[in-house]
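**Q** Below is one structure. I have some questions about it.
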Number of protein chains: 4
Amino acid sequence: MTIKVGVLGAHGRVGQAIVEGVNAAADLDLVAEVGRGEDLQVVVDNEAQVIVDFTQPASVMGNLEFCIKHGIHCVVGTTGFDEEKLAQVEKWTAAPGAGHVLIAPNFAISAVLTMVFARQAAKFFETAEVVEFHHPAKLDAPSGTAIHTAQGIAAARKAAGLGAMPDATEQSLPGARGADVDGIPVHAVRTRGMVAHEEVIFGAQGQSLTIRQDSYDRSSFTPGVLEGVRKIAQHPGLVVGLENYLDL
Amino acid sequence: MTIKVGVLGAHGRVGQAIVEGVNAAADLDLVAEVGRGEDLQVVVDNEAQVIVDFTQPASVMGNLEFCIKHGIHCVVGTTGFDEEKLAQVEKWTAAPGAGHVLIAPNFAISAVLTMVFARQAAKFFETAEVVEFHHPAKLDAPSGTAIHTAQGIAAARKAAGLGAMPDATEQSLPGARGADVDGIPVHAVRTRGMVAHEEVIFGAQGQSLTIRQDSYDRSSFTPGVLEGVRKIAQHPGLVVGLENYLDL
Amino acid sequence: MTIKVGVLGAHGRVGQAIVEGVNAAADLDLVAEVGRGEDLQVVVDNEAQVIVDFTQPASVMGNLEFCIKHGIHCVVGTTGFDEEKLAQVEKWTAAPGAGHVLIAPNFAISAVLTMVFARQAAKFFETAEVVEFHHPAKLDAPSGTAIHTAQGIAAARKAAGLGAMPDATEQSLPGARGADVDGIPVHAVRTRGMVAHEEVIFGAQGQSLTIRQDSYDRSSFTPGVLEGVRKIAQHPGLVVGLENYLDL
Amino acid sequence: MTIKVGVLGAHGRVGQAIVEGVNAAADLDLVAEVGRGEDLQVVVDNEAQVIVDFTQPASVMGNLEFCIKHGIHCVVGTTGFDEEKLAQVEKWTAAPGAGHVLIAPNFAISAVLTMVFARQAAKFFETAEVVEFHHPAKLDAPSGTAIHTAQGIAAARKAAGLGAMPDATEQSLPGARGADVDGIPVHAVRTRGMVAHEEVIFGAQGQSLTIRQDSYDRSSFTPGVLEGVRKIAQHPGLVVGLENYLDL
């Protein structure tokens, strides 16, 4: 039995990649493609069980209210959720018969696993650093994902009772030791030709462990989105972060 | 309160590294160093709570029987355990007041985590390959650790219902695609100067995840051994594999 | 002063990337785009000084004869040249006023430099191995580039009087040590999501040197083609291989 | 015919590694080992043709004056040479029958080649960054080798007429983009377990080239020192930098 899927924001670049991904999956059935400004009623009429929303912060709340109330589950990659909006979505999902919601800042399965493994590994190593690599047109440094990864490592170190990392540096050029994110150095490399890559380097006596994630093109979020579509029926209410779906 | 530790095989290269590690740890107290052919009674007389055994297959069973019966826990890196010997050790540990036993083929925490993470990640990726790098004096290819890693990936793929990996290769030089370990290609590189290194490469649409472990010298097993010493009191009976102690 | 450029095979995928590259270069002027079956006379009429040919083996010889005789230089990425065809091209270029020709099997500057540096480094290291990574739809393993790289290393070792590499392997699974290309082990990894990547690993006492090339998309040959266009006026006759243009 | 070699500073850690290296080389004959404060006359008495000096800044000038005047060639890894001292050494080597001198800040062949290749590659890429990795007991960041590498890249870019590298970063945490060495970002990672490692990352359209050097232990300078010993007879006067001996 296949799952009936609707795609909102279907005509954008990301939406097109999801449409292709759903069409290529034998267990998923694409029943609705909705573009900007088009009527959402089609997802109800075509009996979509799950919708995928990669639209705009300005439209996503309306989309979610409509779908949740119709009992349709929502896999959401649109950005711009603050605490207040999350609370509102959670309230909607609490109603009887309401649709479930997954909101994730990053659907690239390799990036999500890098963060999860980094948090798991952190307590076993004396040192941890993050190096991320992106194309030189990127506006922020370090990337949000790298900052998030470093914060997770820092929290895991703290929970395990680890103190500050050893670092004997006395003589240094400004910036050489990277940005300090909760005590974890984070380095941002900008290289023409690269897309989005992250490396977490842990060190202990006589050894190191490196977890590296490479995104080669924009379609890298597709497998994670499809994973969300397949599992959302088992996760009532609001869930934030794909890692909660992974059954590790 | 410190833990009182005895080291068996204390005069060998590995034993010396452990002796140094125990001495450097504030929460551990070295109370006995036993060399080949020396009397084990010293570990009882000095009230060792845990012994570490990196000796020989010919002597380890005798060491274990003696220590377990005296209620002393045993952290064991000595090789050569078959099913029969493991059953015997398990029987000894079942007696009232018996010492606990941890037997691990690999105590390098980075290598153990690589295997654990590889098994966790396997079900999310279409392809998985293992590349290991060692010095050219190594006798076996691939390494036991790489084979073990590949077997874990293969088992995880099977459990998740994944079939054979895609591979369109039609024209190939013999050996180019590596050794086949339960369907996972494993490649062994032999490079002067390197010590022991392993890389697991997972691929999915538009992305890859690489988990890499580097051992730079023989002391790399020390942190894992000390982890075993600290936690063995909480793990009754026989446990095989350091991963079972890691609380991931 | 700009260089006037014509592109043959302009409507194919590769041709389009070159058209974009020429258009984006301030020192180059695109004067002709010729598709399959269209009349070449346009490159003469529009006074092209250099043409780029990424067409088919069946048409490239006719294109070259025409352009060379009109004194137009030719940068050629089309495949299928054997000794006989190369000899014919060389003869055409020997005439007074003839156009110059550059034929290269690989225009990705990072791949070309990897081969060049590998040949330079080979004599200083005891061991050398090649690992290449491609998408699983690739038909041949190892890649032609990896074989070519290994052959270059083998030739450099031989010229320096180096013998067989050390390798103590006694117990091995078939394929673990890779394909043997003139004594150099070559390993081919097939990973979903990757494009085209090559790593050359040299080892000597206490150290290793790794040269790695990553191609992330099809446009990676463009900078090398433009380099060829800019320099071909200084290289009379037939030159095979972009490395001869690099002034290292 | 073997080359007769004397080792000064023979009882230090580095000296011992060189003694072992000379002893292991079939074409070299160890004729003198001189420790701190011992009489240099033994290198003359035993007819050393080349000496290796890994001693102290306070003693190296005296050693060089003595050996050069006796026509003995000197391979020197001792640090602390300023312009004045180099001028003095050069003057000594200009005398008839004087010994030749090679002074090199780094004898690890993999590190030297990384610098050489980085300079060669620089003009072909839009972007270049350096990441170095050392143990956390290192006092300076970035390493001298990394700074030297970045300066070489910057000089090569300037010579080729390349301008500033593209970097759209608008929003940044302090230090994220590394230290600025003549316009080249340099990042220093400090990881327990690592020794000395350097990575140079070049980027161009659709591709990247990475040159990486790993030093696993202190003996990594030995092959470079022996290369110096073998070739110094062909290089009269004073030469600074092993790269000048490599015949690339």
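Just so it is clear, glycine is given a Cβ too, placed from its N, Cα and C backbone atoms.
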**Q** Need a hand: TrEMBL gives D:Gly9, D:Ala10, D:His11, D:Gly12, D:Arg13, D:Val14, D:Gly77, D:Thr78, D:Thr79, D:Ala104, D:Pro105, D:Asn106, D:Phe107 for NAD(+), which of D:Glu33, D:Glu126, D:Glu129 is also on that list?
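**A** Given D:Gly9, D:Ala10, D:His11, D:Gly12, D:Arg13, D:Val14, D:Gly77, D:Thr78, D:Thr79, D:Ala104, D:Pro105, D:Asn106, D:Phe107 bind NAD(+) in TrEMBL, the matching entry from D:Glu33, D:Glu126, D:Glu129 is D:Glu33.
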**Q** Which of these recorded positions, D:His11, D:Thr78, D:Asn106, D:Lys138, D:Gly144, D:Thr145, are close to chain A by Cβ (under 8 Å)?
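**A** Near chain A - Cβ to Cβ under 8 Å - we find D:Lys138.
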**Q** Between D:Thr78 (NAD(+) binding site) and D:Gly144 ((S)-2,3,4,5-tetrahydrodipicolinate binding site), find the distance joining the two CA atoms and give it rounded to the nearest Å.
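**A** With the alpha carbons as reference points, the distance is 15 Å.
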**Q** Quick one: which of these recorded positions, D:Arg36, D:His134, D:His135, D:Lys138, D:Gly144, D:Thr145, have their CA within 10 A of D:His11 (NAD(+) binding site)?
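**A** Correct set: D:Arg36.
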**Q** In the domain 'Dihydrodipicolinate reductase C-terminal' (D:111-246), how many residues does DSSP put in helix, strand and coil?
**A** 51 helix, 43 strand, 42 coil
**Q** Across the record's NAD(+)-binding residues D:Gly9, D:Ala10, D:His11, D:Gly12, D:Arg13, D:Val14, D:Glu33, D:Gly77, D:Thr78, D:Thr79, D:Ala104, D:Pro105, D:Asn106, D:Phe107, the largest CA-CA distance in angstrom?
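**A** The span, Cα to Cα at its widest, is 22 Å.
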**Q** Around the Cβ of D:His11 (NAD(+) binding site), how many other Cβ atoms lie within 10 Å? Please give the count over every shown protein chain.
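**A** For D:His11 (NAD(+) binding site), the count of other Cβ atoms within 10 Å is 13.
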**Q** Tell me which of the binding-site residues D:Gly9, D:Gly144 sits in the most Cβ-dense spot, judged by other Cβ atoms within 10 Å.
**A** D:Gly9
**Q** Three-state secondary structure of D:Glu33 (NAD(+) binding site) from DSSP?
**A** strand
**Q** Of these recorded positions, D:Arg36, D:His134, D:His135, D:Lys138, which scores lowest on Cβ atoms within 10 Å?
**A** D:Arg36
**Q** Quick one: Cα separation, D:His135 ((S)-2,3,4,5-tetrahydrodipicolinate binding site) versus D:Arg13 (NAD(+) binding site), in Å?
**A** 19
**Q** Who sits close to D:Glu33 (NAD(+) binding site): which same-chain residues at least 6 apart have their Cβ under 8 Å from its Cβ?
**A** D:Gly6, D:Val7, D:Ala10, D:His11, D:Gly15, D:Val19
